[in-house]
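Enquirer: Here it is, the structure in full.
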Amino acid sequence: MTGRVCVLVMDSFGIGASLDAARYGDAGANTLVHIYEACKRGECDIEGVRKGPLMLPNLAGKGLYHAAMASSGLSFIDLATLAIPSGYYGYAVEQSLGKDTPSGHWEMAGVPVTFEWGYFPDKPYCFPEELISEFIKQCNLPGVLGEKHASGTIIIDELGEKHIRTGKPIVYTSADSVFQIAAHEEAFGLQRLYDICKIARNLVDKYQIGRVIARPFTGKPGSFKRTGNRKDYATPPPEKTLLDFLKEDGREVIAIGKIADIYAHQGVTQEIKADGNMALFDATLSAMKTAPQGSLVFTNFVDFDSSYGHRRDIAGYAHALEQFDARLPELDALLQPDDMVFIAADHGCDPTFPGSDHTREHIPVLVFGPQVNSKFIGRRDCFADIGQSIAEHLQLSSPLAHGVSFL
């Protein structure tokens, strides 16, 4: 058994449109480069918070810009001004049919999603009548509100007051395979929201829906705010993932943030919840201080996606990237001789793009650690190459069914 592995998923941090992006309406998407260019033009200044060009010295030193240029072919920065990357760097192409969170994470852990998720049509009253009537009946509800495609923050502003007055939860969806339920934590009850989400999870299985998401909020009309008590109720992966094999082998699998939810709590030995990217980074550092040899620490940094990508907040995304970048030396300082850190993403969510949905993009693959030398790993044809490489480093008894190790 050798070292430990820490995986940091920068949720939605794409680095260039995939070759099939046009099929998804995402031709030309590039989350990183478009944020970089907006900052360069002075469009991402936040008084007292950030100003000017995007500054990611630590990610740059680990090969982010080299990987992004290889991914997109765009010469958005002079590589001659950068040092040779300190670890492995490249990019990966998604083989799963979706551009969603479960697909990206499952593929990363060795299980590409080769089936089509179910989706709800973008029209008023988008959910099947049978689904809604059964949901109302089984949950003993007076009815529901919403029933459409919507931004989560906009729909609670629109319907939050009526929700409190009537006791009807707000149900909505997006371009992803999701059934989302928003409810006020005090007026409706947080545990009650979780309870009806569990019922919804069973009801949407027949429609091949990937996730039911609890979206609690607090506050008063005009100042409603979503809380950190979100929960994802995912359908289980169709095959065993890297996490399952590690757990079966007696390893510690420490899931931080929404990782456990994404894998339907399978293959996890310890779950740690935290709200916000910086709290998630704190939790990651704490886990790395005590994680035993041969273990996996796996963190999803959801704010990039939920707070900035979907909301098309370019300046906020830039600031979040800089905050994340500034914390990396703290992680470096905790690494033991044989440890490896993998930085990746699960899909794109270009904040300069129309709409509010994910974008079909390549993801960065950056690997560093005390024993990791500089190496361009090029284009990886499947996110599962990440999982296969982790399996090799952690010396699993047999390789994963998908993916090619780049170690």
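Placement of Cβ uses the backbone N, Cα and C atoms for every residue, glycine included.
Here's the feature list from Swiss-Prot:
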- Asp11, Asp346, His347: Mn(2+) 1 binding site (BINDING)
- Asp305, His310, His358: Mn(2+) 2 binding site (BINDING)
Enquirer: Counting only residues 6+ apart in the same chain, whose Cβ is under 8 Å from the Cβ of His358 (Mn(2+) 2 binding site)?
Expert: Ser12, Lys99, Asp100, Ala175, Asp176, Asp305, Gly309, His347, Gly348, Cys349
Enquirer: Could you list the residues of the same chain, at least six apart in sequence, whose Cβ is under 8 A from the Cβ of Asp346 (Mn(2+) 1 binding site)?
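Expert: Listed in sequence order, they are Val9, Asp11, Ser12, Thr101, Ser103, Gly104, His105, Met108, Asn300, Ile363.
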Enquirer: May I have the list of same-chain residues other than Asp11, Asp346, His347 whose Cβ is within 8 Å of the Cβ centroid of the recorded Mn(2+) 1 site, in sequence order?
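Expert: Apart from the listed residues, the neighbours are Val9, Met10, Ser12, Phe13, Asp100, Thr101, Gly104, His105, Asp305, Ala345, Gly348, Cys349, His358, Ile363.
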Enquirer: Using the CB centroid of Asp305, His310, His358 as the Mn(2+) 2 site centre, which other residues of the same chain sit with their CB within 8 A?
Expert: Asp11, Ser12, Ser306, Gly309, His347, Cys349, Ser356, Asp357
Enquirer: Provide the three-state secondary structure of His310 (Mn(2+) 2 binding site) computed with DSSP.
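Expert: His310 (Mn(2+) 2 binding site) sits in coil per DSSP, no helix or strand.
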Enquirer: For the binding-site residues listed here (His310, His347), tell me which residue's CB has the most neighbouring CB atoms inside 10 Å.
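Expert: Top count of Cβ atoms within 10 Å goes to His347.
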